[in-house]
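**Student:** Can you read through this structure? Questions will come right after.
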Amino acid sequence: MLPAEGLSVLCFAIERQNLSLVNILIEAGVRPNLLIDELHDKDIEYLKDELDMLDTPLQYAVFVGNVGIVKRLIEGGAVLDIFIDPERLNKMERPLLSSEFFTPLQVSVQERAYEITKVLLDAGAGVDFRHPTTGTALQLVCSSPVEEEGKKIELTKVLLAKGADINSLPGERGGRTAMQAAAEHGDHDLLKLLFTRGGNPFAPAAKKYGLTVFQAALRSRSAELVTYVFWELGSSCSCLSFFDGTNYLEEAVSTGDIQLLETVLEFWNRHGLHWPKEFMSSALKTAMRMGFIYLVERLKAESSTVRLFTLPDEEINSMICESISNGDKRTFDWLIERFVGTELDLAQPGYSTPLWTALHLGNKYMAERLLNAGANPNKPSLVVCRKRYSTCCHYTGPEMPLKQAICRFDKFIELLTDRGANIHCLIDGSLTPLLLSLQRRKEYAAVFLLSKGVDPNVVDVSGRYTALGCALDRQASLSTVQALIQRGADVNRPSVWGMPLEQAARGPFWHHDAIERCQLLLATGADVNADFRSTTLKSAVANGHVELVKFLMGAGADLNASKTGMTALEVAVHKNNTELAKLLVEAGASFDTSSVQISALQLAFSENNLELAALFLAKGADINDSTLGETLLQRAANLGNLELVKNLIDLGADIDAKVAGSPATALQYASMHGSVEIVKYLIEHGASANEEASPFYEATALGLAVDNDHTETALYLIKKGASIDKYPTAGGATLLQLAAEHGNHEIVTYLVENGAVVNAAPATKGGATALQFAAINGNIKMAVFLLENGAHASAKGAEFDGRTALQGAAEHGRLDMIYLLLDNDEEPDTIEERCHNAAEFAEAEHHDVIARILRNYKRP
């Protein structure tokens, strides 16, 4: 079977212009009218991918331009009036071109295959048939290139003879009627022909991108055509209100042709028409953008034209702004000379002042002329940035001219100040010009303003921003910082960024001149030990600047200052900077001074810096210091850091140190966390396995290991002599009971085998015997083991909130456990009563089967 039901082969034959093959295929039954909609998706994909076409065979033949094949297809029954549905093309995610849904007749006109056009018309093609978004055949002819004008007129006559609607509506998007198309292409003769055949010159334009005949004529820029359209066609209209809706004045101005403009003006004047004010304003602005006003004045324009372009006072400044925006020096000069005395500081809606515009666009010549003409350098302006410069300050205004000069172009600052700009004003109601210059990194502006006498100590309205602080924050050059200081900037005044000297020490590590900055500040009285948020020395240490640290120590910096946090030594240790820490210690820094309740030695160990720790110890630091409420060894054990534990013990740490208020000893911490290697190391180095219980956790080391289910640690402690009978918790629970509660069979077994009391009484409140815990947990294996080793099945429960083994098993629905306990009960005389009592616990938890079994139980 042929792909796409033979359509692809037929199209191939058309592409090769093989009439014989086309004949064979049609005679073989290939349908010349096969529609895309009738094909399967895979066939359509084949046509699109292999042939890059989705036309009907007739459309394709017309496109190829083979008259013989076109005739054969028509003989074979090809439908003449057909186009591809654009919705179908849209679903195929194909870009929509209007030519893709042309009829064969439209394709012939589009391709200027006029012989085929006549063949189609003679065969009965609908002369006006089309998709609504496309132009008719006549409209397409009128839109074709001018070089074929003779053929266009000939074909136009043919189409009209076939009944073409000369006034058919244009296509939906940017379409033209036949007359609009002819006018747009400047076809004077064709336009006359259409008009004499009944063409309507007043037909409305398409809604989108449309043109009236009169607009189209102006766009053609043909003086002959414009004269004909306005004077011949325009005068044929009895109702001249047709011209009210379109600004033909602006259209004429946009041509840049005085002759065309005067033709339109003369027509208006002759017919007594009037231009709306907004039309004139818009036309003036267009004329200004094009330099057209200048031409009107300089060339020999009619007096009526000159009068039209006499600018109203309210438009002058906006026109000046337009000339500045367009860089039109000639028109700008003409406006300034023509309208001497104009108030240049008034801004029309949507415009900035002329001076601000000139500054914004960097036009020094225009800015200077405006100032000479009386523009006020202190007049705020609306911000209008049409070009969206990245260097704009992005403030919507009103904005001072001086701000624009600072933000954009240094060359304007001197110009404005020389003409009286206020260098002490507040810009945007917040910053002084000096602060703005420094904030924007405009150092030339800042130094210039200082030379003009601005006060370097004036702050912003919040009082938090100083000029010196801003300069240091913005990494201003050393010369700019020096200029500020020389002009009297207070070197000890704090700002939002801190103290100036500390800023210089803290500021970016890449500052190669940090020492020079600090020297400059100290030479003018900066306090080396000022502590606003941090001292200068601590900031230098934090940045790792060794030479600066040495310089500051030489300048008298307090090594042990700690008013606002850590000392310089602690900062060095925290940063793990061994070199600086050694330098500070050798210079006399105290490793015991701290305002953060942590010693330098403790910091060194927390950073695992053993070199520094050894240095501090060699200098007399206490390894058993307990500033933080526990020793370093306790902390290391709590963190589970075996290497640190070893190092501390090797350096002489007290293994059994007990600090008042400390939660646990080192051994208890290690046991609680199951750190068996630390436990072993501590025991091997003398730690007592039977030390007193922790007052915080209320348990011994062994109790903590068992309570936290750390089997290996617990077994090791027992092997090393930890007492198994001593109550390990304040609540009175035994180790065996704790192990049973956690279900740890291995520890339970080990304890029993090592002599633990199996039937020890439960803790008073909420406690249980080992067997009772096993029963509650349903641990049959553990219960059997305990019973085999003498556990009493009938033992009483805890005094408060306790359960017997039978009650616990019943309450938790442990039927297998109940049978085990009944089989091993050692008090047959009371068993029935105890079963009835246990049944109540089962019923409370809805274990009805167990409750019934217990109530029905009879002693053997």
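Just so you know, glycine gets a Cβ as well, placed from its N, Cα and C.
Note: TrEMBL annotation is automatic and uncurated.
Values in this document were obtained by computation on a predicted structure and should not be read as measured data.
Annotations per TrEMBL:
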| type | residues | note |
| --- | --- | --- |
| REPEAT | 100-132 | repeat 'ANK' |
| REPEAT | 174-200 | repeat 'ANK' |
| REPEAT | 532-564 | repeat 'ANK' |
| REPEAT | 564-596 | repeat 'ANK' |
| REPEAT | 628-660 | repeat 'ANK' |
| REPEAT | 662-694 | repeat 'ANK' |
| REPEAT | 731-763 | repeat 'ANK' |
| REPEAT | 766-798 | repeat 'ANK' |
| REPEAT | 801-833 | repeat 'ANK' |
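Tell me about the setting of these features in this model.
**Tutor:** Summarising model confidence by region, the repeat 'ANK' (100-132) averages a pLDDT of 89.
Counting residues 6+ beyond its ends, the repeat 'ANK' (174-200) has Cβ neighbours under 8 Å at 133-136, 138-139, 141-146, 149, 152-153, 156-157, 160, 166-168, 206, 208-214, 216-217, 219-222, 224-225, 228-229, 232-233 in the same chain.
Listed as Cβ neighbours of the repeat 'ANK' (564-596) (distance under 8 Å, sequence separation of 6 or more from its ends, same chain) are residues 531-535, 537-538, 541-542, 544, 546, 549-550, 553, 557, 603-604, 607, 609, 611-612, 615-616, 619, 621, 627.
If one looks beyond the repeat 'ANK' (628-660) by at least 6 residues along the same chain, the residues whose Cβ comes under 8 Å of a Cβ in the stretch are 597-598, 601-602, 605-606, 608, 610, 613-614, 617, 666-667, 669-670, 673, 675, 677-678, 681-682, 685-688, 691.
Counting same-chain residues at least six beyond the ends of the repeat 'ANK' (662-694), those with a Cβ under 8 angstroms from any Cβ of the stretch are 626, 629-631, 633-634, 636-638, 640, 642, 645-646, 649, 655-656, 700-705, 708, 710, 712-713, 716-717, 720-723, 726, 728-730.
Outside the repeat 'ANK' (731-763), and at least 6 residues removed from its termini, the chain residues within Cβ reach (under 8 Å) are 698, 702-703, 706-707, 709, 711, 714-715, 718, 724-725, 769-774, 777, 779, 781-782, 785-786, 789-792, 795, 797-798, 802.
Away from its own ends, the repeat 'ANK' (766-798) comes close to residues 731-734, 736-737, 739-741, 743, 745, 748-749, 752, 758-760, 804-809, 811-812, 814, 816-817, 820-821, 824-827, 830-831, 834 of its chain (Cβ-Cβ under 8 Å, at least six residues beyond either end).
Same-chain neighbours of the repeat 'ANK' (801-833): 762, 765-769, 771-772, 774-778, 780, 783-784, 787, 792-795, 839, 841-842, 844-845, 847, 849-851, 853-854, 857-860, counting only residues six or more beyond its ends whose CB sits under 8 Å from a CB of the stretch.
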